[in-house]
């Protein structure tokens with residue numbers, strides 16, 4: 001009698017649950033989950049704390065139903081940045097990689113603009129940009145503005161309007177390419193937010209990168225403005241502040257690194273790992289890769305000061321600087337700290353030392369992999385990074401000995417960002433897997 005009352009109570013409760021379910025689940029649950037026989041089974045097992053259920057019977061739980069949407073998107077210790085499925089993950093990944101590639105092209109174009117001395121050709125700036133000169137009169141007006149600048153008076157006096165058009169178009173292209181990047185980033189970002197593809201953490205990260213990108217235009221004009229001011233001495237060529245140029249280039253590197261790392265995190269939420277031994281080997285490699293990455297970054301920033309001081313056109317010999325290893329005037333500025341950022345001799349010496357240190361460090365990183373049990377893909381990546389480091393040093397020496405031609409100077413700047421890309425990829429690849437993945441890994445990889 002008591003059991004019959006329990007059965008009736010369960011049937012009433014199950015009927016209410018069925019009515020609250022979506023229509024596509026009602027039939028399934030009505031036919032398979034809440035039959036009288038299953039109710040009797042539940043009643044029998046209820047006296048034993050639901051320790052066992054007959055085979056084929058399942059009692060739905062509201063707790064399980066509320067978490068079903070997160071199955072496949074969040075695992076133990078792993079937070080997915082895109083939770084709308086593989087297709088959304090692929091779309092967001094392609095967009096972020098494309099944005100990173102666009103920033104890469106911006107850095108290269110910026111290098112060409114600097115090396116062709118085109119950066120000071122536009123003497124004003126608007127956040128939204130302007131149309132270029134479209135008539136001869138407009139070109140003449142723009143040229144007259146440039147004639148008032150210190151660069152024209154001291155470097156390009158007598159320049160023809162045709163030569164001016166070339167440097168103007170270089171700077172104009174650089175600025176408009178940056179604005180186009182902003183539009184290309186903002187429109188898909190808005191779409192993905194509206195579709196609900198992007199998590200809160202990813203949205204905040206990308207918003208910060210977008211704000212930094214918008215600020216990059218302001219930093220660029222702040223840099224250019226310093227080159228439009230009269231130099232302190234009549235014997236000094238007008239050029240932008242090395243500090244502002246370094247800030248502009250470093251900011252571009254940060255934006256690129258943020259986009260590239262985020263894109264990797266979207267498409268590769270877990271690192272390559274097929275055994276615990278490989279995970280342990282990657283952890284050991286990571287302890288070496290992080291400080292090496294820091295050296296690569298510092299070397300890249302020092303290159304910005306070489307560019308800002310035009311130091312590549314001094315001491316065009318290697319390995320010595322002229323006839324000596326260390327010039328006598330490396331500490332001629334006061335206070336002493338200024339020499340590391342403003343003294344042409346010291347700036348170039350610093351960059352030589354840092355570049356050599358980078359190559360030796362990456363060589364040591366590569367050598368350490370010989371004694372580590374790591375994933376073959378990681379081993380290949382380290383080898384490629386070592387090869388790129390050697391190529392970058394070769395490009396740097398060739399650029400110096402050739403008195404900084406535009407082609408080699410641009411290739412050297414692109415090489416710096418390529419090397420940074422490989423170091424980012426390496427650090428992303430050797431990070432620790434999630435706990436859910438670690439629990440499934442064997443101790444040693446099985447070999448055929």
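From the backbone N, Cα and C atoms, a Cβ is placed for every residue, glycine too.
For the transmembrane segment (92-112), same-chain residues at least 6 beyond its ends with a Cβ under 8 Å from one of its own Cβ atoms are 81-82, 170, 173-174, 177-178, 181, 184-185, 188, 192, 197-198, 248-249, 252-253, 255-256, 259-260, 262-263, 266-267, 406, 409-410, 413-414, 417, 421. Taken from TrEMBL, the feature transmembrane segment covers 92-112 (among others).
Under the heading transmembrane segment, TrEMBL lists 176-194 (among others).
Residues or ranges marked as transmembrane segment in TrEMBL: 206-224 (among others).
Marked as transmembrane segment by TrEMBL: 244-267 (among others).
Per TrEMBL, the feature transmembrane segment maps to 288-308 (among others).
Away from its own ends, the transmembrane segment (351-369) comes close to residues 284-285, 288-289, 291-292, 295-296, 298-299, 302-303, 305-306, 311, 321, 378-379, 382-383, 385-386, 389-390, 392-393, 396 of its chain (Cβ-Cβ under 8 Å, at least six residues beyond either end). Taken from TrEMBL, the feature transmembrane segment applies to 351-369 (among others).
For the transmembrane segment (381-404), same-chain residues at least 6 beyond its ends with a Cβ under 8 Å from one of its own Cβ atoms are 115, 285, 312-313, 315-318, 355-356, 358-359, 362-363, 365-366, 369, 411-412, 415-416, 418-419, 422-423, 425-426, 429. Look at TrEMBL and you will find 381-404 (among others) tagged as transmembrane segment.
What TrEMBL lists as transmembrane segment is 410-430 (among others).
Long-range contacts of the transmembrane segment (244-267) within the same chain, counting only residues at least 6 positions beyond its ends with a Cβ under 8 Å from a Cβ of the stretch, are 81-82, 89-90, 92-93, 96-97, 99-100, 103-104, 106-107, 110, 114, 202, 205-206, 208-209, 212-213, 215-216, 219-220, 222-223, 226, 297, 300-301, 304-305, 307-308, 341, 417, 420-421, 424-425, 428.
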